[in-house]
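Q: Quick one: structure below, then a few questions.
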Amino acid sequence: MTNYAIILAAGKGTRMTSDLPKVLHKVSGLTMLEHVFRSVKAISPEKAVTVIGHKSEKVRAVLADQSAFVHQTEQLGTGHAVMMAETQLEGLEGHTLVIAGDTPLITGESLKSLIDFHVNHKNVATILTATAQDPFGYGRIVRNKDGEVIKIVEQKDANEYEQQLKEINTGTYVFDNKRLFEALKCITTNNAQGEYYLTDVVAIFRANKEKVGAYILRDFNESLGVNDRVALATAETVMRQRITQKHMVNGVTFQNPETVYIESDVEIAPDVLIEGNVTLKGRTHIGSGTVLTNGTYIVDSEIGQGSIITNSMIESSVLAAGVTVGPYAHLRPGTTLGREVHIGNFVEVKGSHIGEKTKAGHLTYIGNAQVGSSVNVGAGTITVNYDGQNKYETVIGDHAFIGSNSTLIAPLEVGDNALTAAGSTISKTVPADSIVIGRSRQVTKEGYAKRLAHHPSRSK
């Protein structure tokens, strides 16, 4: 059995009120088009053809070499859109899935079941349908007394009886590929919209006494077509619930799943505890036994097992096992932390490697640095890495002790086991095993404070 797919992605999406093509709006971190394409891959299509139109280059860039593309210059209806794929698929033996690119909730399992139903029942066309409590706006499935599908009627063309029907057309179909393009040559624009309706091929097949079937979705949510921001928010809510449920089934604990935002490509190992208001985005991986506390935000990062991240932001960073971060820390892109590193309150690290068991507990900036293992970085330490034009590296050796309020002016190297005195400004190489003091000598003037206007003795 050879399968093909046609994805309809040419529309502007006027009701979205956006410069962005409708299918490129995102749901849980992926464009709607990407969600649809991933589900389509469940049927293993020999060829996928995406129909593009409005801002076509942006749409094409999302799927790139994963799909063939055809251009629909004028949007003259769904039938016209499918006609555009004729140059790619006409005459081929097999079954063709037709699906809209704005249906991000459809699952691969449902599409696979649709194809299987179509093949097993030897249909020339199979419609994916759903039962709607409020069917207004949807095309209705009209059956005869024997339950056979005889036609699909659009809302604007439906009579009073047809408008009461609750079985609706989801806009997803499977056709015998050859018969699809033969039937498309017979449809017209004689309808309320003045468009070429893809649904009109059903009546053509029925007139030829060819078999048309309908496969009913179990979950109505999968039928959602996103046409405005309200529907986009609905899709986001459903997708977020799916994602959290998937992770819970796989052994992840959520204290308040309704408040968590996790994107589609995030991976979470078992025995992770996630508190409320946590955001995980992009290609993030969370290792087993990790705890993410309230307010944590992580994007495109790897967190090693057994780590504790407390109310902190982590971007494009890699953390080894047993790391503790926060509260209120910020790990910026290019940061790597070795095993059992501690990054504490109000510490910012950017583009740096921190060796295992090193600690930077408070109020510190580490940028463009290579920090060894078992280093203590005192409170208020700053790596001065930027001169207004270029950035420079700071290298700190193993077991070094950086005193509080040290200012390290790069390029700079502090050797193994070296110590910088608190309050020092260091601008030259510090040899291994050295102590360096880079501050002014303290001067004490006894009794001098009594001369100052604010001294209590002057207010008498």
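FYI, residue positions are counted from 1 along the chain as it appears here.
Cβ atoms here come from the backbone N, Cα and C positions, even for glycine.
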Q: Since Swiss-Prot lists ASN385, TYR386, SER404, ALA422, ARG439 for acetyl-CoA, which candidate among ALA379, ALA432 does it give for that site as well?
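A: Candidate listed by Swiss-Prot for the same site: ALA379.
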Q: Sorted by position, what residues of the same chain at least six away from SER404 (acetyl-CoA binding site) have a C-beta under 8 A from it?
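A: In sequence order, the residues whose Cβ lies under 8 Å from that of SER404 (acetyl-CoA binding site) (at least 6 apart) are GLY378, ALA379, GLY380, THR381, ALA422, GLY423.
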Q: How big is the gap, in Å, between the Cα of HIS362 (active site, proton acceptor) and that of ARG332 (UDP-N-acetyl-alpha-D-glucosamine binding site), rounded to a whole number?
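A: Just about 16 Å between their Cα atoms.
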Q: Please identify, from the binding-site residues ALA10, TYR365, ASN385, the residue with the sparsest Cβ neighbourhood, meaning fewest other Cβ atoms within 10 angstroms.
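A: Comparing Cβ neighbours within 10 Å for the binding-site residues ALA10, TYR365, ASN385, TYR365 has the fewest.
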Q: Please state whether DSSP places TYR386 (acetyl-CoA binding site) in a helix, a strand or coil.
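A: TYR386 (acetyl-CoA binding site) sits in a strand per DSSP.
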Q: When you measure from the Cβ of LYS22 (UDP-N-acetyl-alpha-D-glucosamine binding site), how many other Cβ atoms are you left with inside 10 Å?
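A: Counting Cβ neighbours of LYS22 (UDP-N-acetyl-alpha-D-glucosamine binding site) within 10 Å gives 27.
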Q: How big is the gap, in Å, between the Cα of ARG439 (acetyl-CoA binding site) and that of GLY77 (UDP-N-acetyl-alpha-D-glucosamine binding site), rounded to a whole number?
A: 77
Q: For LYS22 (UDP-N-acetyl-alpha-D-glucosamine binding site) and ASN385 (acetyl-CoA binding site), determine the Cα separation and express it in whole Å.
A: 44
